[in-house]
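If you look up TrEMBL, you'll see B:L20, B:N27, B:K156 marked as xanthine binding site. Residues or ranges marked as domain 'Phosphoribosyltransferase' in TrEMBL: B:35-162. According to TrEMBL, the 5-phospho-alpha-D-ribose 1-diphosphate binding site annotation covers B:A128, B:N129, B:G130, B:E131, B:A132.
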Protein chains: 2
Amino acid sequence: MELLKQRIEKDGLALNEHVLKVDSFLNHQIDPVLMQEIGKEFAERFKDAGVTKILTLESSGIAPSVMAALELGVSVVFARKRKSLTLTDDLVTATVYSYTKQESNTIAVSSRFIKKEDTVLIIDDFLANGEAAKGLIEVVESIGAKVAGVGIVIEKSFQPGADEIESKGYRLESLARVESLKAGEVTFKDEKAEVVK
Amino acid sequence: MELLKQRIEKDGLALNEHVLKVDSFLNHQIDPVLMQEIGKEFAERFKDAGVTKILTLESSGIAPSVMAALELGVSVVFARKRKSLTLTDDLVTATVYSYTKQESNTIAVSSRFIKKEDTVLIIDDFLANGEAAKGLIEVVESIGAKVAGVGIVIEKSFQPGADEIESKGYRLESLARVESLKAGEVTFKDEKAEVVK
């Protein structure tokens, strides 16, 4: 997605070889116009996948997911990273390790909102080691629902998550694929498809 | 906001006299069409307030905030509830006690994204004791920026937050004002204004 890659080149910051900071438009400050375009791109790529629900993880996945959901005419469910007192019933959980935060979280989804009849598009802001995406897939499959695919805003292709998810046969659509962050430079991998210009 | 009140009547669950569960459309599952209408309503109510930025708190404030931001043509900043390893610089913080979760959190905003020249609309999903709203106001004012007002999706008017914020002179716009949750029934307070039908 050209608009996103331009924005990463302009405002993204390669802090080191592993960390790309995009907190000026995606995961602390949010540009709603860019989110709308990202939502349209996800919707276009998955329009024939029969999506009935989008599943994401709080917090940075919510904005792109809501915009994609608006385009696809479905609802979003965001997995919570821990249990709150008013969200106690019928929880389906998975354990997700965050390399960034160096901690494990339980992610939880109510089975009242994802049913075995659903076809679920999983959306997240980043794909690195794939821990979050794999946790969300685990949740969907333990409910018995179908995974339509995984939509990622920024894939760090030099980390193992993308290969791992594709090798398991899941459809993966990453809107920007970062090949390297060496020497403070963001280098993109060629995109597989460019649907919305 | 009539559409929101109807939705609360239809899908909200008064768990007890204090807790209104709206996880089917606002804070676990999200209805993006309702969020768009909520965003339009906030934008309409604050259209003359000179808003340059929206500030919210992860996670449930993000969806309505992004929709309002799209309408107002501004960006959203969502305060983080704790520090992450890639968000360490120039943080402005406040301490917020959550009665629901019975814990204190540090909320943090980067001063790179809210400047003293900004006029900030604070948006959140719920207003009960007002802890989150007061923490967000504290962040904005410690930066030296102006608070345009506080926009709340659901106000629990029987708890002290609303009175406290208004008595301090802040403009408060709550799209649904719940007067009572007694006997499993949701009773609304009369609305002050109905802008978008």
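Even glycines carry a Cβ here, placed using N, Cα and C.
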Would you kindly give the Cα-Cα distance separating B:N129 (5-phospho-alpha-D-ribose 1-diphosphate binding site) and B:L20 (xanthine binding site), rounded to the nearest Å?
14
Do you know offhand how many angstrom separate B:G130 (5-phospho-alpha-D-ribose 1-diphosphate binding site) and B:K156 (xanthine binding site) by C-alpha?
10
Can you tell me the CA-to-CA distance separating B:N129 (5-phospho-alpha-D-ribose 1-diphosphate binding site) and B:K156 (xanthine binding site), as a whole number of Å?
9
Could you state the whole-number distance in Å separating the C-alpha atoms of B:A128 (5-phospho-alpha-D-ribose 1-diphosphate binding site) and B:K156 (xanthine binding site)?
5
Cβ-Cβ distance under 8 Å to B:A132 (5-phospho-alpha-D-ribose 1-diphosphate binding site), same chain, at least six residues away:
B:L57, B:V96, B:S98, B:I107, B:D124
Determine the most Cβ-crowded residue among the binding-site residues B:N27, B:N129, using a 10 Å radius around each Cβ and all protein chains in the structure.
B:N27
Residues within 8 Å of the B:A128, B:N129, B:G130, B:E131, B:A132 Cβ centre (excluding the 5-phospho-alpha-D-ribose 1-diphosphate site residues themselves):
B:V96, B:Y99, B:F126, B:L127, B:A133, B:K134, B:Q159, B:G161
Other Cβ atoms within 10 Å is the metric here; tell me which of the binding-site residues B:L20, B:A128 scores highest.
B:A128
Can you check how the pLDDT averages out over the domain 'Phosphoribosyltransferase' (B:35-162)?
93
Could you say whether, by DSSP, B:A132 (5-phospho-alpha-D-ribose 1-diphosphate binding site) belongs to a helix, a strand or a coil region?
helix
Starting from the Cβ of B:E131 (5-phospho-alpha-D-ribose 1-diphosphate binding site), draw a 10 Å sphere and report how many other Cβ atoms land inside it.
20
What is the Cβ neighbour count of B:G130 (5-phospho-alpha-D-ribose 1-diphosphate binding site) at a 10 Å cut-off, with all protein chains included?
22
Starting from the xanthine site formed by B:L20, B:N27, B:K156, give every other residue of that chain whose CB sits within 8 Å of the mean position of their CB atoms, in sequence order.
B:G12, B:V19, B:K21, B:V22, B:L26, B:D125, B:F126, B:A128, B:I154, B:V178
Distance [Cα-Cα, Å, rounded] between B:N27 (xanthine binding site) and B:E131 (5-phospho-alpha-D-ribose 1-diphosphate binding site):
18
Residues satisfying Cβ distance under 8 Å from B:K156 (xanthine binding site), sequence separation of at least 6:
B:H18, B:L20, B:F126, B:L127, B:A128, B:V178, B:L181
